[in-house]
Structures are given as C-alpha cells and as structure tokens.
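Colleague: Pasting the relevant annotations from TrEMBL:
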REGION    1-40  region 'Disordered'
TRANSMEM  50-72  transmembrane segment
TRANSMEM  128-157  transmembrane segment
DOMAIN    169-328  domain 'Lipase maturation factor 1/2 N-terminal'
TRANSMEM  177-193  transmembrane segment
TRANSMEM  205-224  transmembrane segment
TRANSMEM  296-316  transmembrane segment
TRANSMEM  367-388  transmembrane segment
DOMAIN    403-546  domain 'Lipase maturation factor 1/2 C-terminal'
Amino acid sequence: MRPHSLVMAAPEGSLRKRKVGDVDQSPASPPTPARDPAGSPVRLRTGTFWLTRVVLLQALAFIYFVAFLVAFNQNKALIGDRGLLPCRLYLKNVQQYFHGRIGWDAWSYTPTILWLMDWSNMNFNLDLLALVGLGLSFFVLVTGCANMILMATLWALYMSLVNVGQIWYSFGWESQLLETGFLGIFLCPLWTLSRLPRHTPTSRVVLWGFRWLIFRIMLGAGLIKIRGDKCWLDLTCMDFHYETQPVPNPMAYYLHRSPWWFHRFETLSNHFIELLVPFFLFLGRRMCILHGGLQILFQVILIISGNLSFLNWLTIVPSLACFDDAALGFLFLSGPRGLKYQVLKIQKEDTQGVQPKPRYGCTVRRVVNFSLGILVAWLSVPVIINLLSSRQVMNTSFNPLRIVNTYGAFGSITKDRTEVILQGTTSPNASAPDAVWEDYEFKCKPGDPWRRPCLISPYHYRLDWLMWFAAFQTYEHNDWIIHLAGKLLAGDSETLSLLALNPFEGRAPPRWIRGEHYRYRFSLPSGQHAAQGKWWIRKRIGPYFPPLQLEDLKDYFKTREWPMPELHLDTP
C-alpha cells in the first residue's frame, strides 16, 4: 500500500457507464469498507489514536467498576458508622487537628466529598458514592463514550473514598488508579459524549502522560527490588514468592514447585521487563509497541499466578497508550458502521486536508493540555529524585490529590508464610482443657488446610490482605484486629459479612475469642498430605493475642472512641 493511498470504495456499479433505460432494481446497500486499487481492505494509518482512546477509556472504566464494587460491598463493615475503623471518627480527628474548622487546611489534608455531606448516616454516604461510581463506570464501559465531566466525577468519587479509607485503602494501586483516572479526564472532550469526537483528537500530551506513568511504575518496581531484598540479586526470590505472596491462587500452588532453573529464569525475566524494557518507550513506534506488548504479557502472567487485586489489570491500562490505531485495528470489526470504518474516513479526510471548522474550544483544549504537561512535569521532580535515590520509597504520594506518585512492589520477600487464625469458644472457661475452639474462615486468605486457594482477581478482599500484614507484625501494631475480635464476640452481622465461615452461625456468639499464630507451607502435589486433600500444611507457632471476652474490651474501645458492639444472639 502506497503512503496516503486511502481510496474509499464506490458503490457497486458506479465505475461503469449506465445506459439510457437501465433500471437499478437492487436494494440500497450500505457503503463497503475501504479498499485499495488491488481490492484489499485499506489498513489504518499509523500515528493516530482514535481507537486507542476508546480502548483506554473502556479499560479504565472496567477498573473503576471493580473498585467501586469492592467499595460498595465492603466499606460499611470497614469504615462505616460501626465499621472497624469508622471514617466519621477519622474525619472528626482531622477536624480537631485543624482546631475544629473544616477549611482549606482540612480539605487539602483530606480531599473528600464527605466533608460536604451529613455525617449522621455515613453508611448511606459511602453507599451513595459507590453506587454513583458504579453507574457512571458501567456507562463508560458499555458505551465507550465519556466526557471530562463524567471522568472527573469518577475520579473525585474514588478519591473521596481513598482519602477516608485509612489503612484499608493504603495500597499502591489506589494511588495508581487515581493517577490513571486523572489522566483519563483529559482524554475526553468537555461535553460531547461520542466514541469518536471529531473536534477532539486524542492529545499526544495525555498519551505521553500514560507512557510516563507506565515507565515509572515498572522502573520503580525494578529498582526497589535490586535495592531491597538480596534474593532479587542472587535470583532466589521466586523460590518463595508463590507460597508467601499475600493471597495465593491455585496456579501459585503448582508454580511454587517449578524447577530451580525456572525460578531463576523468572527472576531474570522480571529484571528485564522492569529495568530494561521501560526504555523502549523512547526508541520509536515499533519499540514502543513492543514495550506495550511485553508489559501486557507480563501483567497477564502475574494475573494468572496470584490474586493481586486489580493492580495488574490497572497496570495494563497505561500500557495501551503504546499502541496507535494501526496497531489496535485488529480489535475492531471492519463493517461500515464500525469504529474502524469511521476512523478510516477521518484519516482520509485528514490526508485530503479536510479538517473540521476550528472552534474556540480547540484553542482552550490546547492550553489545557499544555498546562497538564507542565503540571505533570513539575510534580514529577520529587518522584524522579526518589527513583534516583538509594533510599527509594515506594507507593508514596507527594501531593494530596495523588496526581503523580511513586510505585513499587515486593521490595522484600518473606521467606516463611505465617497466618493469624481467629478462634472462638462457648466454654465459660477459656483455659479449660476441654474447651472446644472453632476456627473462623476468611473469604480468601489461607485457613483450613483442606480448602483450595481462591481465584478472585481483579476483585479484592481488603480484610484478607490486611490479615497477611498482621501475621508478620503484632496485634499492638494492628489495633483493628482487636476491634474485629470484639465484633465477632458480639456476632456483628456487618463484620461477619467479610468472612466466609462463622462457626457459630445459628448459635449464640462465642464467649471467648483468641488469635493463634501458625506457619503455613504448600503441600507437595504428589505427597501424602495432597493425597489427603490438603493444599496447605500448617504448624502452630504460639498465641497471637490471648483469649478475650467482650466485657474485657470496654475500656479498650472507649479510649479509641469505638462504639461498643451490641450483642446479637443468633439462635435458631
């Protein structure tokens, strides 16, 4: 195909002369896809990004939908009116820190729409934010249409939840979604809801914003590894990762038993993808596309091998900015009503010099995009300094809006897996040798050795993830776990919704709750334990926290201003 040889196909029969008296008895048919003089379909030109924008917006909308779904299902039990860490109490503490005023200082410290809402029913507020986010993200996901107002609303809604989510929203992917969502605002026209807004071509500034984001994500992850745990340098980290990652899936069980040389290959490949491949972005179109393909492949492998929330799905989003219309055309149908056909028409008009009439808004958009580039460059200064520092920190924000952040993952690898198992008993004496202790089961984290590891990505169980951190700390570092124990002693239904199994369902709640510390390891697939149906082998280390009664926790709850749980007698 010659450059700029876009020839739109004429309707059949228009290339011959009609004779007088000829009657066209064929029904009107839609125009056929563009073809070159040899009859082959015309391919999309390189260098335009109309389809790229559609794919980016729908991928981002999917992540938003999952994030708001997690928020709707779990926020009430985690940060609601009677949650484990109530966000109303958190906002009150922020307000008191700034001398009781809800002014600019409080807003800049904790940017959230909740400052404007009635705090008397925080559960309603949290559900409202999540449901609006679900509705808007579903609309963008299904239609592929968005404007700046809609995308800014999604960003503001999720930022409002993240900034009051406390430890439950302290993960790197929360800031990563906010940065990705902020860039997504500028992909769109201000008002128009169209998949291909003719007057608003995809901004190169925004595309490079996404590329700069994926560059920092991957390079930050690679640098934190080689500066952190020495097992990344001696290539042994993957000997442990599959077994000790926060929430393993079934594939991790088998990958853990891979040959030693395969684990070395995995570690070397990780270094190649995270430390070398990011620089492909700056080496021209073909290398940029290769970068995008390798990063997406890498994230798919991570999705298959673990339950890392929507992190890897989200990391695919900025990688899509590496592909132009010509690279993404295969994803779209070639029919006359399809997006691919419409982009061909736009490209033809551009080559013929046919441009839409300039609007005042186009000039404003250029100014806005230029300002965005300046803002991202300015906010990137501390991020670059952090990347170059031998004291690099990961998953940190240098501004309250989390527009440009630092990233990283698994800078250190735990070599042994420990778990906190919560147990309850109805025995009046917790020390009695005949006391029967029964285990609570969480949605996804390891517990019952016979239970198969879960497969939930991109969904995320926040409590399960925090239990993983709690297992290699102490309960003094995680006072919320004592709050959780109190909720279980009261048989609180909201809290129990976060668990998979309540051993006291249909009965009165336990009189005592304790935390036990266990070491876990995968069973050998062909070994004795696996033959018995066990996925895990566990060994008790000792107590994590001593047996507790609800009455013992009154002062503990009072000093933290937590509402005392109301006892629920769940009898048949």
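A Cβ is built for glycine as well, from the same backbone N, Cα and C atoms used for every other residue.
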Colleague: What does the DSSP secondary structure composition of the domain 'Lipase maturation factor 1/2 C-terminal' (403-546) look like, as residue counts for helix, strand and coil?
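Modeller: Counting residues per DSSP class in the domain 'Lipase maturation factor 1/2 C-terminal' (403-546), I get 32 helix, 39 strand, 73 coil.
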Colleague: Could you tell me the mean pLDDT over the domain 'Lipase maturation factor 1/2 C-terminal' (403-546), as a whole number?
Modeller: 95
Colleague: Near the transmembrane segment (367-388), which residues from the same chain, at least 6 beyond its ends, have a CB less than 8 A from one of its CBs?
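Modeller: The answer is 186, 203, 205-206, 208-209, 212, 216, 219-220, 223, 396, 398-399, 403-406.
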